[in-house]
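Input: a single structure, listed below in structure tokens.
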Amino acid sequence: MSQEKQVFSIDLAGRQLTVETGQLAKQANGAVLVRYGDTAVLSTATASKEAKNVDFFPLTVNYEERLYAVGKIPGGFIKREGRPSEKAILASRLIDRPIRPLFADGFRNEVQVVSIVMSVDQDCSSEMAAMLGSSLALSISDIPFEGPIAGATVGRINGEFVINPTVEQQEQSDIHLVVAGTKDAINMVEAGADQVPEETMLEAIMFGHDEIKRLIAFQEEIVQAVGKEKSEVKLYEVDADLNQAVREMAEEDMHSAIQVHEKHAREDAINEVKKRVIEHYEAQEADADTLGQVNEILYKIVKEEVRRLITVEKIRPDGRKGDEIRPLASEVGILSRTHGSGLFTRGQTQALSICTLGALGDVQILDGLGVEESKRFMHHYNFPSFSVGETRPMRGPGRREIGHGAIGERALEPVIPSEKDFPYTVRLVSEVLESNGSTSQASICGSTLAMMDAGVPLKAPVAGIAMGLVKTGEHYTILSDIQGMEDHLGDMDFKVAGTAQGVTALQMDIKIDGLSREILEEALQQAKVGRVHILNHMLSVIPEPRTELSAYAPKIITMTINPDKIRDVIGPSGKQINKIIEETGVKIDIEQDGTVFISSINQEMNDKAKKIIEDIVREVQVGEIYEAKVKRVEKFGAFVELFSGKDGLVHISELALERVGKVEDVVKIGDVITVKVIEIDKQGRVNLSRKVLLKEEQEKEAVKEENKQEQQ
């Protein structure tokens, strides 16, 4: 490979994409700088020289955000980037998923792919630049990678598909789709949509694949020009004689164990066979390498038999038909003090989701590279070890938990009511209590139930289902509602969430080459049937969102004030608004357009805070009459409070009909008197009169007396 800088360019969605090689990070096995518009991402690939002594492929993909890319200095005391943001973790997963299947079985060398985002143009996706850069860094390196791959973002505006939409176009789009794959096949899909039909989603995927083919042809030109020769790597293989011996000893018993229907009983039966075989070789004092190979052979026996049963004999591990969904059970309102709760059980998968409603001030603040500054809807997913009957350390959420939480959020967001219709922040937490596959989709179903229980006026209920595929030669079977073993040993994990009208989220990972459009179409239609079945079950438990919120949920009232008066409500250094909050115990959020949201669980305090704010922003008009309290007495008159925050002056000459010698002769501090606004001067000072009202009253009495005499 040449060490001189070389530059390659292509047009991508009307913006130039440039790849630079041979200048940066030259000690990595492969490195490229991808410029897309003003976005710049450095992608590198490195690999260990020797294979690691592990039974899996040790691949790490990191997408690293740097705040200098958008001209920001990190917040906090340390002033440097800390742990990766959720967006960065999701981007890392997005790049990992299409790359991972393209390494040979038995490849055990450690591989690390790192993309550093160095400059961001919001209209030119840094994730897509990083995906292309990661593929290219591997492809031009000597690492045995069977790529390249590429990715594209697809939107739809007014019925027309758009590649890599700009920020403005994304706001108008009803599809947000990321598709990745090789020139021959798609192997990764990640999508959110606004209840879009399955047929349209399929067309969008195919539209994206056409662009992928063009980007791969571009990469192949670069590899031809600067690529290194691939290194010869010894792949991990089991000994042929050992393979035959283990199979003769275990195959028949293992086949019987696999067909035990109940998950734990099946696992116990399989483990019993494994234990017997391992003990046999331990008795022969086999070394660690041999025992490792024995485990590998036993795993392959299980995998091959499960796949054969599904594709040829059409038998699933738990005895279901291909399109059959496990038994469903749901319940709502099981936690009294929470704002809403939903328990969803599907076979041996169970999720308990809790909905919490908060004020708009409870939104999540985002300090990242994107244009979004906050979000008012959150879905968090927890996967404790007891859900699979295991013990392990309890730590914070990992990549998997964050990814599963994100697909739930994406699936539910299109049906969340607008801030105008429902001025609340909504947080969902899904606790996985039992797991045997499809937990992310169970969390979507549980979360829908929880929000309906909480009284969130959803546009439509959402359900999710995980589809699978097992393909052997010409034989294939599409599976509805896959369980853990089918996910692990199958060729596809295809999660589909949506309403009765259409899809709201898709996530697909494919482990094989050449998935045809027909299989995809069949999987989507089979998923729709399953989704509608699950929705009907959920609606039998709670047909519509509750009409009233929980007694423990905050009550929110909305009012509008003149934007020029916002500073009066806040006061110098927040003094006024803090006083209201301290006095009433409410939360107050003020938008720039003058919309004010007041929230607390006490409606009486909400009303009190609203009255105080109304008084602060109220405009005094000449001619208005007030019951005013005397606050201060001076020689020249009395200062009175018309309402909270607004005072006026009753001059001594306006206190009474007769001449007043001393103000104290008429009023004292604390008295309440009726006054009329007679003037507001240029400086905004309010002049009041008591005398005018007394005179008007005197004249009314005189007229009344006159009328009385005439009647006599």
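Even glycines carry a Cβ here, placed using N, Cα and C.
Swiss-Prot lists D487, D493 with the feature Mg(2+) binding site. D487 (Mg(2+) binding site) counts 17 other C-beta atoms within 10 Å of its own C-beta, drawing on all protein chains shown. When secondary structure is read from DSSP and collapsed to three states, D487 (Mg(2+) binding site) falls in the helix class.
In the predicted model, the domain 'KH' (554-613) shows an average pLDDT of 93. The domain 'KH' annotation in Swiss-Prot covers 554-613.
Positions annotated as domain 'S1 motif' by Swiss-Prot, on the basis of sequence analysis: 623-691.
Its Cβ placed at the centre, D493 (Mg(2+) binding site) has 22 other Cβ atoms within 10 Å.
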